[in-house]
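The structure appears right after this line, and notes come after that.
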């Protein structure tokens, strides 16, 4: 009997340990089950949210996000006024454009240019330039629709009021509209240091067009005015951009006269932040067709020729190619 009692007393610590072990196992199992339930609930909630978002996007009215191109047309100076009153910009906006969010806008505010590039697809069909205050109002409306980037182009932007017009637009976009990105595309021949001193602080990027580093090719293409040296202007503008802390870009149009040229060394020497390379593009009524002021058919290169040009310059890290398919989709509104 004493031996039995002693045995029971000796087993009590083991019973306590076993009971504690079972408790720990139970708590652990409870934690695992609870965590699993929470995970399942969270997964169901997230999955439901994702499905709802996809369904909403699928069946909600689509709002386009794109690059919008605004160009001066031949009759723009005549369609501003009706019965002696100016129509609101919203009423003049095409219905198809009302649901577009214009994150990036290319504003071709003039068709005039001091160069005569044979492949140009924005020709001088009119000398009309929208008055400055109306242009600002249009930019303000674009900002209200979601514009974040503006690119001023032409023609030649610096030809209007010796650059003061585009300078004031840059000031307005940077100060009044607080746009994060303001860009100008120019041939560089009319840019002066005085312009940089007055307006440089309102400009983020200046892109200069250069299709060849051979003066004879530039002359053949038409990228020059009189005795002005286009390549000298290019390098001078590049120095001013560095001096006034403005990002410097180069745009090149690949055509029949430069398709075999190797521009690797001069491009790397100029060191632009970006080198955009375009394929020569035909647009009916602009540089092709019976109503066109220019006929650029002889400048057009094939897709293979364009690809070969890109392959030749594959070592240039800042190169950004833009084919005809991409550009024509952007400029279908011109």
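Each residue, glycine too, has its Cβ placed from N, Cα and C.
If you look up TrEMBL, you'll see 75-94 marked as compositional bias 'Basic and acidic residues'.
Sequence annotations record features per position, and here TrEMBL assigns domain 'Radical SAM core' to 99-319.
Under the heading region 'Disordered', TrEMBL lists 75-95.
Distant neighbours of the transmembrane segment (25-51): none; no residue of the same chain at least 6 beyond its ends has a Cβ under 8 Å from one of its Cβ atoms. Feature annotation from TrEMBL assigns transmembrane segment to 25-51.
As a whole-number mean, the pLDDT of the domain 'Radical SAM core' (99-319) in this prediction is 95.
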